[in-house]
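Here the structure comes first, spelled out in structure tokens, and everything after it is commentary.
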């Protein structure tokens, strides 16, 4: 089976959560640039919020109290002095509005719930934000009106953001889609603010690796922006950059290059030098994929010059370009130059400039680790991954990213023969993926398979078989029975069954594997060679012959058996595929 695929190495940007304000048109697109955040808003001089308002449970039934508490919550949230104080006010406001539900406070109840959810998200308490947002949607479903429709839309967008921060992309896509339907009903399909929600969906589909859907929504975003903005606008440039990413992921490098060049021209026209440099890095990546190495180096060097002059020699963006150059030189066989650029990037990450985030440093270390792994220095790669995990441990919304890094650490531990540590790393990754609701993803199934292989090396065959069985079930659902990853897990499960003495079960699986390979690849395909020989050995042990109609494969098996007679070992414990 192919080695473990690495997850997205760049941690997704944590979206800020919008708070619905009735009658405010800036909220319809779900953007929160203008929404005060308790984590970064400046304190307003000359204005103090009361430390505590003594309120009993019975007083929360006063219909005049809810609006007063809501105002205190919004003021405390805007001041940024104490988010817990704002949370207390907002929670009590929501209780008051719930108790006085017959007093026409539906919109205000939704506002208080949105503020509660926003503060929970800013504090990293994402799981607590989700039921609050679900309640806000339930409230708006009970009544009609344009304000409540917009409130319902805002609730879906916030819920999608919360799921995105938790790494639950499928739920995020569903919420954004529900919000988009409401938005289109209220504003129509061509409203400029609809484009922003389409972009949310496009980015979520990219994260889920659903590139056709991502392209559809991104093209819709571009169409709306081209209708409502001037030519070569910043909005159009942003759309083209996303389209280029999607085209590159689909292997359409020429289209990706075209979109990037047009985006670069728009940024140049708007005087956005740093954005032009960032696009030059993306252009270099496409040239690298096309094996146009000299042009790739030129693009990277252009970006490097701009970043150094505008941000300084020790900025993380400079380190990022060094990593791209290191990858290029590795792929062209110049390992010394590749390591030199890696070391330059690591020196920057060792002493980050003020403002550098843990996420971008961890992302860079993860990318450098992949290069060291590729040049066969797994110990150094492990050290970098361990540093990346340490940086992300206390960062909200990074559990899925940490799980991906731990899974890669498990692969490296397995490669160097430290199977106990490999099993522990896979187990930790699986626990995080499970808690984030990713227990049915293809990646989850692959990690289960890798953990099973580690268990085999530790002679924990029963545990390995259980892991292979779970991985098989997930990959059948997510990838299909004919996918190479699924077939690889079938093969590992057959090997585990054989090692446990369940020979009949192993034979049944191997016969199925051969049937699939013959249907898809032909009877003489070399990929089926191992399964053929394994099946021959097991059938010999049980004094059976393969149950099938055709004769061509039987002849091929006989000839292979004669050719390798005396050279085939007993398979138990030796037939597992990475």
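Yeah, the Cβs are placed from backbone N, Cα and C, and that goes for glycine too.
What TrEMBL records for 1-19 is compositional bias 'Low complexity'. Look at TrEMBL and you will find 1-59, 549-578 tagged as region 'Disordered'. Annotation comment: TrEMBL describes 29-43 as compositional bias 'Polar residues'. The feature repeat 'TPR' is assigned by TrEMBL to 277-310, 362-395, 487-520.
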Check your understanding: Where DSSP helix means H, G or I and strand means E or B, what are the helix, strand and coil counts for the repeat 'TPR' (277-310)?
Key -> 31 helix, 0 strand, 3 coil
Check your understanding: When DSSP states are grouped into helix, strand and coil, how many residues of the repeat 'TPR' (487-520) land in each?
Key -> 31 helix, 0 strand, 3 coil
Practice item. Within the repeat 'TPR' (277-310) only, compute the mean pLDDT. Key: 96
Review point. So, by DSSP, how many helix, strand and coil residues make up the repeat 'TPR' (362-395)?
Key: 28 helix, 0 strand, 6 coil
